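Chemist: Dumping what TrEMBL says about this protein:
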- 44-49, 152-153, 177-183, 202-206, 271-274, 327: GTP binding site (BINDING)
- 48, 183: Mg(2+) binding site (BINDING)
């Protein structure tokens, strides 16, 4: 009896099949050791800051080149804050404390917002920024910043303007964390923690960006949802009318009760507690949420907003884990991440029936 021999084509096909099987096994193994997270929330909630913290804590430190790549955005933030305050002065009918400041303001308004790589902010503009920021009228305007659009890091950047605009400036971690650039793309970021690969998808929170979310909703292990708890007196960037907290609550409702997330746990970051603490001293919650009957203490106010979010959960199979976060504080976020990591791993094991 003669033995069967394979043709070269058959051998090649067998090798290809074996290689495909090997790749599929590797992919299945990697899938078991990876966790997919969605980082969601409305605009200005701090998602990108949290992701930067994740990189600082679990990723490779920023190289000098990477740090310098943030310089144009940081200078842009300095300039846009300055211009926004000056423009709001006229809209709110506030006069400068020193009329000479009006001349300095015109220097800023005439200067560009964006400075490219290697471009320097002229000394006359730096001097004008310092003078304008020190003016008592501008400070009164800043105190009313909930009435117009201004990034939360305005005070930090204008206090630090001389350093940030210096010719030899290299951004430090805090400068990078506070930098604000609107997220208009969806990015996947991978971090290896104790042998587990965390795949975190960061998506734009502005209304125009949310239509891009749906393709990323499959096979999600957990959701980190951010809401700025300090934004209870602020309006949305998109329409300058809708209360930001109400916007976050409505968005949370749609995510929490989405059919694909019926069993998906949500880790809720009520973010910007540092700003919340300060705002509670002077801005009554009842002015914006008339049904609120508690005091303006952090304990009562924070519990109230946590309950508002949790009340939207219509699934008995879903858990909501609430954390109060200060996204620009690396030590605080490191502690929160350790807790979140344990929660996600436990939930993943439970979902696997282990």
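Heads up, the Cβ atoms here are built off N, Cα and C, so glycines get one too.
All TrEMBL annotations are machine predictions without curation.
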Chemist: Would you mind ranking the binding-site residues 177, 181, 203, 327 by how many other Cβ atoms sit within 10 Å of each Cβ and giving me the lowest?
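Modeler: Lowest Cβ count within 10 Å among the binding-site residues (177, 181, 203, 327) is 181.
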Chemist: Using a 10 Å cut-off, grab the number of neighbouring Cβ atoms around the Cβ of residue 48 (GTP binding site), all chains included.
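Modeler: There are 21 such Cβ atoms around residue 48 (GTP binding site).
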